[in-house]
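Undergrad: Per TrEMBL, the features are:
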type     : residues                                                                                        : note
ACT_SITE : His155                                                                                          : active site, proton donor/acceptor
ACT_SITE : Lys159                                                                                          : active site, proton donor
BINDING  : Gly10, Pro11, Arg12, Gly13, Lys14, Met15, Gly99, Thr100, Thr101, Ala125, Pro126, Asn127, Phe128 : NAD(+) binding site
BINDING  : Lys38                                                                                           : NADP(+) binding site
BINDING  : His156, Gly165, Thr166                                                                          : (S)-2,3,4,5-tetrahydrodipicolinate binding site
DOMAIN   : 4-128                                                                                           : domain 'Dihydrodipicolinate reductase N-terminal'
DOMAIN   : 131-265                                                                                         : domain 'Dihydrodipicolinate reductase C-terminal'
Amino acid sequence: MSKVRVVVAGPRGKMGSEALRMIEKQEDLELVACLDHKYEGRKVSDFEELPNLDAIFYSDINNCFQSVKADVLVDLTTPEFGYLHTKTAIHYGVRPVVGTTGFTEEQLQELTDLSEEKGVGVIIAPNFALGAVLMMQFAKWAAKYFPDVEIIEKHHDNKLDAPSGTAVKTAALIKEVRETKTQGHPEEKETISGARGADVDGMRIHSMRLPGLVAHQEVVFGSSGENLTIKHDSFHRESFMTGVKLAIDNVMKLDILVYGLENILE
Ligand SMILES: NC(=O)C1=CN([C@@H]2O[C@H](COP(=O)(O)OP(=O)(O)OC[C@H]3O[C@@H](n4cnc5c(N)ncnc54)[C@H](O)[C@@H]3O)[C@@H](O)[C@H]2O)C=CC1
Ligand SMILES: O=C(O)C1=N[C@H](C(=O)O)C[C@H](O)C1
């Protein structure tokens with residue numbers, strides 16, 4: 001059986017380095033290159049904190065895909081570069097598995113159209129942790145019966161995007177089953193701007209950023225005389241790696257873009 005040849009973008013990051021450690025342990029995956037805006041030509045093994053792998057760092061994505069044969073690009077970078085990398089990979093016929101969050105709806109639509117036009121499979125998953133995927137599905141189910149809902153997401157203070165991709169995806173899933181409803185008092189007024197959080201279709205998202213946190217979300221439903229809270233915590237980035245592997249395996253069978261890991265779970 002031939003190995004799936006993987007390029008990782010963002011190898012020195014918190015998620016990218018965890019992905020390298022995961023790939024190193026898999027017999028059916030081979031790390032063939034890394035994409036980083038720094039350290040062109042260096043090997044992964046040159047970095048003490050990274051696994052002992054021979055793959056080379058490339059700074060230019062075109063040079064990378066022209067020099068190395070790759071099947072899958074795993075992108076764990078920033079919203080700006082994640083989007084550019086995904087687009088470029090599709091053009092080269094390299095299947096993107098994207099964990100990077102912060103894409104706009106327009107960017108997601110553009111990537112969906114491009115993937116379909118080129119027949120290149122793509123998986124974009126705002127959260128690779130299986131528990132988080134279940135939390136989102138349970139929240140969607142609960143929203144059918146509890147239309148009053150607020151999402152509280154808590155992350156480490158190095159996070160660039162707010163609200164988190166998971167919170168945005170949770171709101172989108174809830175929106176599929178919940179009638180538009182403005183929550184709170186009809187005449188409520190914020191005396192400090194932002195106090196009620198972001199407004200998505202009348203439901204609220206609150207984003208907390210603190211050192212010490214990893215990735216956490218609570219979806220709180222309210223009804224007369226009762227509350228229901230659905231909560232997920234990622235305490236370590238290893239929690240995302242089962243999903244990254246699952247996405248790499250599945251993207252090889254796809255010729256369209258899939259948004260959300262729930263769409264490939266049985
Ligand atoms: N889908 C999921 O399950 C998860 C997604 N994320 C997302 O993954 C992304 C990365 O998160 P972290 O690892 O925590 O961030 P990080 O800041 O630790 O790592 C990002 C890395 O990207 C690199 N980078 C920046 N520009 C680049 C470029 N042009 N080319 C190549 N590399 C570049 C940086 O040098 C850095 O090493 C974020 O968008 C975050 O929201 C994070 C955790 C889980
Ligand atoms: O930046 C992070 O850390 C995370 N980002 C993703 C998001 O925006 O939802 C997934 C997870 O919450 C960790």
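Glycine residues also receive a Cβ, built from the backbone N, Cα and C atoms like all the rest.
Because TrEMBL annotations are produced automatically, they should be read as predictions rather than curated entries.
Describe the structural surroundings of these features, if you would.
TA: Classification of His155 (active site, proton donor/acceptor) by DSSP places it within a strand. Within the same chain, residues at least six positions away from His155 (active site, proton donor/acceptor) with a Cβ under 8 Å of its Cβ are Ser164, Ser207, Met208, Arg209, Leu213, Val214, Ala215, His216.
Its Cβ taken as reference, Lys159 (active site, proton donor) is surrounded by 15 other Cβ atoms within 10 Å in the chains shown.
Same-chain residues at least 6 positions away in sequence with a Cβ under 8 Å from that of Lys14 (NAD(+) binding site) are, in sequence order, Asn158, Arg237. Secondary structure from DSSP puts Lys14 (NAD(+) binding site) in a helix.
According to its DSSP assignment, Lys38 (NADP(+) binding site) is coil. The number of other Cβ atoms within 10 Å of the Cβ belonging to Lys38 (NADP(+) binding site), over all protein chains shown, comes to 8.
If you draw a 10 Å sphere around the CB of His156 ((S)-2,3,4,5-tetrahydrodipicolinate binding site), it holds 14 other CB atoms from the protein chains shown.
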Undergrad: I need the nearest neighbour of His156 ((S)-2,3,4,5-tetrahydrodipicolinate binding site) among the binding-site residues Gly10, Lys38, Gly99, Thr101, Phe128, using C-alpha distances.
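TA: Looking at Cα distances from His156 ((S)-2,3,4,5-tetrahydrodipicolinate binding site), the smallest one goes to Thr101.
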Undergrad: With the Cβ under 6 Å from ligand 1 as the test, give me the qualifying entries from the binding-site residues Lys14, Lys38, Thr101.
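TA: Going through Lys14, Lys38, Thr101 in sequence order, those close to ligand 1 turn out to be Lys14, Thr101.
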Undergrad: In the predicted model, what is the mean pLDDT computed over the domain 'Dihydrodipicolinate reductase N-terminal' (4-128)?
TA: 98
Undergrad: Given the binding-site residues Gly10, Lys38, Thr101, Pro126, Phe128, return the subset with CB under 6 A from an atom of ligand 2, ordered by sequence, or none if empty.
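TA: Thr101, Pro126, in sequence order.
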